[in-house]
Amino acid sequence: MAEASGLVTVCLLGYLLSAECAVFLDRENATKILSRPKRYNSGKLEEFVRGNLERECIEEKCSFEEAREVFENTEKTTEFWKQYVDGDQCESNPCLNDGVCKDDINSYECWCRAGFEGKNCELDVTCNIKNGRCKQFCKLGPDNKVVCSCTTGYQLAEDQRSCEPAVPFPCGRVSVPHISMTRTRAETLFSNMDYENSTEVEKILDNVTQPLNDFTRVVGGKDAKPGQFPWQVLLNGKVDAFCGGSIINEKWVVTAAHCIEPDVKITIVAGEHNTEKREHTEQKRNVIRTILHHSYNATINKYNHDIALLELDEPLTLNSYVTPICIADREYSNIFLKFGSGYVSGWGRVFNKGRSASILQYLKVPLVDRATCLRSTKFTIYNNMFCAGFHEGGKDSCQGDSGGPHVTEVEGISFLTGIISWGEECAMKGKYGIYTKVSRYVNWIKEKTKLT
């Protein structure tokens with residue numbers, strides 16, 4: 001029995017020794033067996049996981065200093081900390097128009113691409129949208145940011161968007177105190193800008209039948225107040241008040257070419273209001289030179305390129321009753337015209353074949369779309385002309401108003417957009433007034449008159 005018991009003891013000891021040899025492995029094999037598999041960590045924090053970050057800040061709450069020990073870099077720690085404290089504020093993609101979102105603690109910042117501003121890059125500040133919020137002219141600078149500018153005689157205000165007078169009597173501005181301006185403001189109209197193809201080839205015909213009447217009138221208009229249209233001038237020649245015109249600067253007036261007759265002496269009267277009495281605001285000047293547009297040819301068509309310049313013998317004295325009209329560049333002259341309505345003025349006939357007005361008349365006329373304009377007449381409407389007026393008739397420019405202004409007001413400043421040219425009768429139903437489109441001649445005007 002004792003022998004059997006000893007044999008069992010020896011066997012157990014041998015088994016334990018063999019088992020011990022199987023349990024204790026070398027270091028390399030033991031590391032393979034005992035290494036903990038990496039736990040999956042989803043989301044933006046994965047890129048920050050280094051060293052003990054997961055143990056320090058994900059499995060447990062950590063402080064900024066503890067996270068700093070892991071990153072060993074303040075900038076990277078700060079980026080991690082912004083998301084760690086309150087989550088990713090950029091997760092909802094709040095930045096519009098391809099803006100880049102940068103997360104922050106309890107907030108975010110949008111880095112906007114050129115042409116956009118605002119908390120979420122929601123404001124389009126390119127010139128194509130509401131004129132870049134500029135009150136007159138807009139262009140993009142070298143960095144693609146909006147740069148506002150003003151016409152001659154004005155300067156940018158502190159907001160760098162509005163324009164304020166830089167001279168005592170700047171163009172297009174009514175300065176007579178008692179006149180209350182009720183014209184349409186342009187700030188809500190810039191969003192409707194419609195750019196016309198300025199390279200469109202003009203239609204030229206060799207023989208065109210002439211319409212019955214020059215436009216020398218404002219039919220259905222209202223009496224203007226003294227100084228309400230201080231750029232308006234009266235032309236006297238063989239007869240008085242045969243045409244109108246507009247002051248460009250102290251030495252030059254623009255009118256219609258068909259108003260000019262060879263060898264006929266012309267005088268202009270600026271500051272005129274009531275032709276039947278002297279009001280001590282009038283200034284008379286002699287015309288010493290006339291310049292017809294180089295494309296004007298009355299033998300082919302009396303009203304095509306119907307524009308002329310008159311040089312005065314002495315400069316006009318600018319004041320509240322004698323003020324030049326503003327002339328924009330070609331692009332903006334066309335844009336302003338497309339605002340949809342303008343003002344015409346003159347001393348022409350107050351009804352068809354009737355008497356001429358003694359007091360300056362004015363009328364607000366809507367722009368007529370080109371298709372309607374073409375359908376309204378058998379005569380040729382060239383691309384350098386436009387139609388304005390009322391389909392129902394009763395209101396129009398008329399005989400005696402030719403050469404006078406069609407102006408568009410922009411933020412209280414009036415710009416020349418047309419010249420009264422011709423029409424079929426006056427104020428007839430279904431007929432419109434035809435005007436010379438000033439945008440086509442801006443460069444020529446500025447070149448000849450040295451207008452800046």
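The backbone N, Cα and C atoms fix where each Cβ goes, and this holds for glycine too.
Computed from a predicted structure; not experimentally measured.
Residues or ranges marked as disulfide bond by Swiss-Prot: Cys57-Cys62 (among others).
Secondary structure at Glu65 (Ca(2+) 5 binding site), as computed by DSSP, is helix. Here Swiss-Prot flags Glu65, Glu69 as Ca(2+) 5 binding site.
In the structure as shown, the Cβ atom of Glu69 (Ca(2+) 5 binding site) sits within 10 Å of 15 other Cβ atoms. Here Swiss-Prot flags Glu65, Glu69 as Mg(2+) 2 binding site, drawing on similarity to another entry.
Secondary structure at Glu79 (Ca(2+) 6 binding site), taken from DSSP and collapsed to helix, strand or coil, is helix. According to Swiss-Prot, the Ca(2+) 6 binding site annotation covers Glu75, Glu79.
Assigned with DSSP, the residues of the domain 'EGF-like 1' (86-122) fall into helix, strand and coil as follows: 1 helix, 12 strand, 24 coil. The domain 'EGF-like 1' feature in Swiss-Prot is assigned to 86-122; the stated evidence is sequence analysis.
Of all the Cβ atoms in the protein chains shown, 19 others lie within 10 Å of the Cβ of Cys101 (disulfide bond). Positions annotated as disulfide bond by Swiss-Prot: Cys90-Cys101 (among others).
The disulfide bond feature in Swiss-Prot is assigned to Cys95-Cys110 (among others). Here Cys110 (disulfide bond) comes close to Pro94, Cys95, Leu96, Gly99, Val100, Cys101, Lys102, Gly118, Lys119, Asn120, Cys121: these same-chain residues lie at least six apart in sequence, with C-beta atoms under 8 angstroms from its C-beta.
Sequence annotations record features per position, and here Swiss-Prot assigns phosphoserine to Ser107 (among others). The Cβ of Ser107 (phosphoserine) lies under 8 Å from the Cβ of Gln89, each on the same chain and at least six residues away in sequence.
Sequence annotations record features per position, and here Swiss-Prot assigns disulfide bond to Cys112-Cys121 (among others).
Taking Cβ-Cβ distances under 8 Å and a sequence separation of 6 or more, the neighbours of Cys127 (disulfide bond) in its chain are Cys134, Cys138, Lys139, Leu140, Val146. Per Swiss-Prot, disulfide bond is recorded for Cys127-Cys138 (among others).
Classification of Cys148 (disulfide bond) by DSSP places it within a strand. Residue environment of Cys148 (disulfide bond) contains 21 other Cβ atoms, counted within 10 Å of its Cβ in all protein chains. The disulfide bond annotation in Swiss-Prot covers Cys134-Cys148 (among others) and is backed by similarity to another entry.
Summarising the annotation, Swiss-Prot assigns disulfide bond to Cys150-Cys163 (among others) and lists similarity to another entry as the type of evidence.
As annotated by Swiss-Prot, phosphoserine applies to Ser198 (among others).
In three-state terms derived from DSSP, Cys259 (disulfide bond) belongs to a helical segment. The local packing around Cys259 (disulfide bond), expressed as other Cβ atoms within 10 Å of its Cβ over all shown chains, amounts to 26. Sequence annotations record features per position, and here Swiss-Prot assigns disulfide bond to Cys243-Cys259 (among others).
Take the CB of Cys373 (disulfide bond) and look out to 10 A: across all protein chains shown you find 18 other CB atoms. Feature annotation from Swiss-Prot assigns disulfide bond to Cys373-Cys387 (among others).
Under the heading disulfide bond, Swiss-Prot lists Cys398-Cys426 (among others), citing similarity to another entry as support.
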Neighbouring CB atoms within 10 angstroms of the CB of Cys163 (disulfide bond), all protein chains considered, total 23
Taking residues 6+ outside the domain 'EGF-like 1' (86-122), which of them lie with a CB under 8 Å of any CB in it?
-> 44, 140, 143-146
So among the binding-site residues Glu75, Glu79, who's got the most Cβ atoms within 10 Å?
-> Glu79
Could you measure between Cys243 (disulfide bond) and Glu75 (Ca(2+) 6 binding site) for me? Cα positions, answer in whole angstrom.
-> 76
Rounded mean pLDDT for the residues that make up the domain 'EGF-like 1' (86-122) | 82
Taking only the CA atoms, the spacing between Cys57 (disulfide bond) and Glu65 (Ca(2+) 5 binding site), expressed in whole angstrom, is 11
